[in-house]
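Record features, source Swiss-Prot:
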TOPO_DOM  1-20  topological domain 'Cytoplasmic'
TRANSMEM  21-41  transmembrane segment
TOPO_DOM  42-57  topological domain 'Periplasmic'
TRANSMEM  58-78  transmembrane segment
TOPO_DOM  79-92  topological domain 'Cytoplasmic'
TRANSMEM  93-113  transmembrane segment
TOPO_DOM  114-121  topological domain 'Periplasmic'
TRANSMEM  122-142  transmembrane segment
TOPO_DOM  143-153  topological domain 'Cytoplasmic'
TRANSMEM  154-174  transmembrane segment
TRANSMEM  178-198  transmembrane segment
TRANSMEM  200-220  transmembrane segment
TOPO_DOM  221-289  topological domain 'Periplasmic'
TRANSMEM  290-310  transmembrane segment
TOPO_DOM  311-318  topological domain 'Cytoplasmic'
TRANSMEM  319-339  transmembrane segment
TOPO_DOM  340-355  topological domain 'Periplasmic'
TRANSMEM  356-376  transmembrane segment
TOPO_DOM  377-398  topological domain 'Cytoplasmic'
Amino acid sequence: MSTQAIRGARGLVLKWGAGRFYLDTVLLSVSLGLMLFGFVMVSSASLHLGEKMASDSFYFPKHQLVHILLGLAAGWGAARVRLDTLERHSRSLFWAGIALLVLVLIPGVGKSVNGSVRWINLFGLRVQVSEVFKLVAAIYVAGYISRHLDTVRTSVKGMIFPLSLLAIGAVLLLKEPDFGATAVVMATALGMLFLAGARLWVFVGLLGLVAVAGTVLIYTAEYRLRRVLSFLDPWADPLNSGFQLTQALIAFGRGEWQGVGLGSSVQKLFYLPEAHTDFLFSVIGEELGLWGATTVILLFAIVVWRALAIGRLAERSGNLFAAFLAYGIGIWLGLQSFINMGVNMGMLPTKGLTLPLMSYGGGSMMVVCAAIGLLFRIRSEAVASFLGNGRKGLWPGV
């Protein structure tokens, strides 16, 4: 790619002393748009719930505003981290993530919600540790690929070794239990290894093994099997196992093309469980109709496109770690948003996955914003490399 082309596509240039930060304005605009859109919809979906739980209609909107501010701070902090520093500590971060997964399973430390022990309290904020592990897993796999690219491309061992370490995290996630996060982590890793050039037959074989393992896990856990059966025919038991899905489908049916109007949802009024978190997309479909739901899908498609484009730019600049980290973040966010929306629309069995940047929650918001911040850093370093500025042309990092 020519220097002239890079200069024309470098986006917003922020200056700080002698340093510069090359900001992706498209990614910034779309990310802020999703956060603002999510805040409006969380407010709409939770006013009645706040009144019931805390005698304050704006209880959840006020907390979500704090979550957004914390997320912006996390994104700012992540954008300040030098990529070589992150790569150097990628293995340590991975084992720190494993330690968090162990910590949450210790009685008295992990917090149980709806029968799952997935949260710990950090500085007054309830954090879902699986969200943190998704990011550190992507960082670890990117670091592994940058160190062992030839092995990944030529040897079965090159794929099995990182997946075997991730399997440790998968086992701990399943103990919570969190099957959805397990699927996202493993699928993201497989996607990154595939993009690294792993042999097709090895990739297909491992994909088949993962699929078989997933099937076994479904059939050996009654609650997972019940979710799959209710997905196949939610109307067979609409008041029990199929309740969430049937209520979500009713929400989309009521929304039709243009929706019933912002704030006018009926399903959010104690019919649709987790309307402000996992099933926020159903409220969007009901209140804003097909056009609102399609807008959200397009915004997430742009986020994934920018992540992959940033990864390609970093790969051309010669920074493999940055490239595959961007690819991993793109796969993760795209897959998680697809699963969440698919569950809401009845395309997939029910999973406990949030809609990135939109659903209510502080831990998820901070982690996803940190991932977006890393994308900004990756792009800035890649553009600086093409412009010949090197480290001297960047904002100072840690």
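Using the three backbone atoms N, Cα and C, a Cβ is placed for every residue, glycine included.
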Looking at the topological domain 'Cytoplasmic' (79-92) alone, can you tell me the average pLDDT? 96
Highest Cβ pair tally under 8 Å against the transmembrane segment (356-376), stretches 122-142, 178-198, 200-220, 290-310, lands on 122-142
Short question: which residues 6 or more past the ends of the topological domain 'Cytoplasmic' (143-153) have a Cβ under 8 Å from it? 87, 90-91, 159, 161-162, 192-193, 196-199, 320-321, 324
So, do the transmembrane segment (154-174) and the transmembrane segment (21-41) meet, by the test of 3 or more Cβ pairs under 8 Å (sequence gap 6 or more)? no
Would the transmembrane segment (93-113) count as touching the transmembrane segment (290-310), i.e. at least 3 C-beta pairs under 8 angstroms with sequence separation of 6+? no
